[in-house]
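Peer 1: Attaching a single structure in structure tokens format; questions to follow.
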Amino acid sequence: MGNHNAEEVEPPKSEQHKVRWNRSTFYNMTILGLCNLAAPGIWGAMNSLGAGGAQTPNLVNAANALTFCLMVVSCFFSSVIVRYIGIKGALILGTVGFAPYAAGLYVNNRFGNEWLVLLGAALCGVSAGVFWMAEAAIAIAYPEPWNRGKALGYWLTFRLSGQILGGAINLGLNANRDEAGKVSYTVFLVFIALQATGPFVGLLLNTPDQVERKDGKKVDLRITENPWFEIKETARAFCSTKFLLIVLFIGQAVFAESVFFTYLAIWFSVRARALGSFLSGIVAVTSGNLLGLWLDRNKISLKTRTRGAFWTIVTLQGAWWIWATILVTRFKHTQPVFDWNSPDFGAAFAVFIFLVVGFQLNYLFLYFIIHNIAKDEAEVIRYAALLRGTESAWQALSYGLESLTVFAEVGGVYMNFGLWAVSIAPAWVLLRHFGASSAGDREAAAPDASASTSNGPSSINGASASEEQVGGGLKQL
């Protein structure tokens with residue numbers, strides 16, 4: 001199992017540094033969470049209504065595909081942006097494009113206008129890629145090591161709180177609508193107002209040099225190299241074996257978002273869609289925070305935590321995709337519209353809830369993986385950008401395909417099921433090295449037993465690397 005990593009164990013209170021509340025990691029994760037709620041959280045609330053609340057999913061899915069295509073580009077160049085305006089400036093800049101997207105959905109819902117949906121989607125894509133990189137880097141680098149899992153769960157709770165809020169508002173406005181159709185346009189006015197607060201909330205975040213941590217370590221998320229160097233290093237990080245091994249795993253995780261939201265839009269009544277938005281957020285918050293607590297259980301070896309989380313997630317995902325595959329194959333022929341009074345509502349609705357839970361578990365676990373393969377703060381930014389850029393590429397593909405009727409009804413579920421199946425082995429090749437620090441573990445897990453058995457990279461907190469943190473043999477990848 002290897003020795004326990006002392007760097008990750010919470011020291012006694014008497015040995016912890018005193019911090020001011022408005023400089024603490026908890027304060028900063030709260031501000032980051034509020035930014036997340038105002039920007040992607042409300043975006044998620046709109047999409048959790050099923051295709052942005054539209055009557056049919058085609059236009060909104062096409063717009064989302066455009067958003068994610070542009071996010072791939074903005075994510076790739078985001079470390080260059082950080083060099084010039086800092087991580088806080090990048091976060092604020094990234095919140096700007098979300099409100100125009102909500103405005104586009106509003107005018108489409110009320111007046112049938114389509115061009116603003118596409119323009120809003122484009123503006124959202126340009127800014128959101130920068131936002132997603134910045135928030136990921138901050139969420140990984142700001143907290144103390146022993147609080148990182150809980151901090152990730154706490155931060156992502158805010159994103160889902162937007163979904164819960166949106167679902168509650170929409171449920172109240174549409175509780176009497178038991179037919180298929182589009183949601184009330186009034187809900188989008190609330191969404192626009194909330195998203196417009198994002199840049200102002202971002203101003204309250206501390207810059208890395210202002211953050212005070214209980215372990216006394218300083219946060220340094222600066223990019224000091226020239227832009228061309230950053231572009232080359234980001235490309236090199238993408239081409240590394242470590243990252244390529246999880247590309248398919250990222251894909252099966254985020255491809256699902258368009259699949260289950262489109263599923264909700266096609267097969268359920270307006271008020272059932274609102275109920276889905278509300279309830280799915282609650283169960284995802286609960287499951288995400290439970291996973292965060294598990295990943296912070298430092299009395300349990302990193303090897304056990306990693307493997308326990310990984311195999312639990314992939315097993316549950318497999319069960320849910322089998323369930324969804326059976327259902328959509330049947331629905332393709334019967335063409336139902338489920339209301340909460342329908343006889344078979346429970347079985348059809350539950351799989352949507354579980355797929356949302358799976359998305360949240362995968363989402364949080366991917367941050368855990370990135371933390372454990374990054375060797376310093378600069379790599380945190382690059383890997384965070386690559387994670388979000390790769391997510392965006394997969395989501396652009398999924399939303400684009402889901403705009404086609406056959407994929408919306410059955411093809412998306414089939415493809416995501418296949419992605420899940422082919423992603424497990426490559427991800428396991430990487431994750432089996434986490435915490436495999438003993439000589440026996442290295443010999444059993446390393447791709448080449450004759451290769452160097454040097455320790456993995458140093459921790460992102462600047463401390464010397466320990467075998468427990470990243471596992472023997474990982475550096476060989």
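Keep in mind that glycine also has a Cβ here, set from the backbone N, Cα and C atoms.
Automatic prediction, not curation, is the source of TrEMBL annotations.
Residues or ranges marked as transmembrane segment in TrEMBL: 26-45, 65-82, 89-109, 115-140, 152-173, 185-205, 243-268, 274-296, 308-328, 348-370. The region 'Disordered' annotation in TrEMBL covers 445-477. The compositional bias 'Polar residues' annotation in TrEMBL covers 450-467.
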Peer 1: Determine which recorded stretch among 65-82, 185-205, 243-268, 348-370 has the most C-beta pairs below 8 angstroms with the transmembrane segment (274-296).
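Peer 2: It is 348-370, which has the most Cβ pairs under 8 Å.
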Peer 1: For the transmembrane segment (152-173), find every same-chain residue at least 6 residues outside the stretch whose CB is under 8 Å from a CB in it, and list them.
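Peer 2: For the transmembrane segment (152-173), the sequence-distant neighbours (Cβ-Cβ under 8 Å, at least 6 residues beyond its ends) are 29, 32-34, 36-38, 40-46, 48-49, 53, 135, 139-140, 143, 183-184, 186-187, 190-191, 194, 271, 273-282, 284-285, 288-293, 295, 360, 363-364, 367-368.
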Peer 1: With pairs 6 or more apart in sequence, are the transmembrane segment (65-82) and the transmembrane segment (348-370) linked by at least 3 Cβ pairs under 8 Å?
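Peer 2: Answer no, regions not in contact.
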Peer 1: For the transmembrane segment (26-45), which partner among 89-109, 115-140, 185-205, 348-370 gives the most CB pairs under 8 Å?
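Peer 2: It is 185-205 that shares the most Cβ pairs under 8 Å with the transmembrane segment (26-45).
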Peer 1: Which residues, given as numbers and ranges, are at least 6 beyond the ends of the transmembrane segment (115-140) yet have a Cβ under 8 Å from it?
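Peer 2: For the transmembrane segment (115-140), the far contacts come to 28-29, 32, 35-36, 39-40, 43, 59-60, 62-64, 66-76, 78-79, 81-82, 87, 90-91, 93-98, 100-105, 107-108, 148, 151-152, 155, 205, 221, 367, 370-371, 374, 380-381, 384-385, 387-389, 391-392, 460.
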